[in-house]
């Protein structure tokens, strides 16, 4: 997501990393080929420029965030022309009796086990062979989660992309086509040499990936959810290529808009595991509720969910334009929100380097994000929205 303030971490180990690399064959980017290797990015509303891929990474190293909107040019899309979906969210929590026993089933051990394997791939860079392998492994875990649950109508599908690594979408049908989306991004990147250096991506965003996977597992244990009795459909998304400019999530929500899908809410979980920055600053452990470029009504409801289902409070924070995949939902007119591990300035400084490892994470903190995710998914599954 963002880039750490120091640049030396990945370089120091580069000689060792280069000596023991698995074969990483880059996969072609057909969209960029049309424009002779250049990409159209948007750094702020209306602020666009054509850049090379290396210029993209340079901007990210400088902490600049952006949409890669090259595909919009190819498809003649104009997302800002889309009408915003108007949704009225509940004024309080109505499913605590059902959610509390489910929340007790959330497992730190499951998240640790999944993340241990997920971070063992050399990189989950979206153009790499190991990025495809990690996506394949993730999809198999989701399939196992569904097959071991009572939810016979739940399903998981690939959402293919031209760059290789696919996004993954799991669907739990309800009584209507109104849909609540829970998202995280599965790719990782080492911002120094993306195609070569290791990118374990434990926090960014392996933590969000396994957090929502665990919430998904427990949600399917609900008899009402498993039998399809929820008012609304719930989807869990694991996006490819967030690090390339929100590419995977843009492709998903662009397709959803073309198909007239009725998305009522989208929550992004990107970086859920690092609490040390907050504690080192002498502040209370908390989750960070993003307040800029999000839907105000959904964000207000999420505050209630945190207060009702988490054991720690929230703090309000900002992350800027196009800072994670919720921005893609907003771009196509869908209400979205984002909850991160802390105040933005206290989030992990290890990301986008080989030092973003599982040892830096706090699984008790991730459990709080899982409780919030489960609570939101269940409450909105049965809400009149």
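In case you wondered, yes, glycine gets a Cβ from its N, Cα and C as well.
Look at Swiss-Prot and you will find 185, 204, 270 tagged as Zn(2+) 1 binding site, backed by similarity to another entry.
The DSSP secondary structure for residue 243 (Zn(2+) 2 binding site) is coil. According to Swiss-Prot, the Zn(2+) 2 binding site annotation covers 204, 243, 352.
Swiss-Prot lists 319-323 with the feature disulfide bond.
A coil conformation is recorded for residue 177 (N-linked glycosylation site) in the three-state DSSP classification, outside any helix or strand. Under 8 Å, Cβ to Cβ, and six or more positions away along its own chain, residue 177 (N-linked glycosylation site) finds 233, 261, 262. As annotated by Swiss-Prot, N-linked glycosylation site applies to 177 (among others), with the evidence given as sequence analysis.
The feature N-linked glycosylation site is assigned by Swiss-Prot to 229 (among others). Taking Cβ-Cβ distances under 8 Å and a sequence gap of 6 or more within the same chain, the neighbours of residue 229 (N-linked glycosylation site) are 174, 175.
What Swiss-Prot records for 1-19 is signal peptide, and it gives sequence analysis as the kind of evidence.
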Out of these binding-site residues, 185, 352, which one has the fewest other C-beta atoms within 10 Å of its own C-beta?
-> 352
How many other Cβ atoms are found within 10 Å of the Cβ atom of residue 323 (disulfide bond), counting all protein chains shown?
-> 22
Measuring Cα to Cα, how many angstrom lie between residue 319 (disulfide bond) and residue 185 (Zn(2+) 1 binding site)?
-> 16
Per DSSP (three-state), residue 352 (Zn(2+) 2 binding site) is coil
In angstrom units, rounded to an integer, how far apart are the Cα atoms of residue 243 (Zn(2+) 2 binding site) and residue 185 (Zn(2+) 1 binding site)?
-> 9
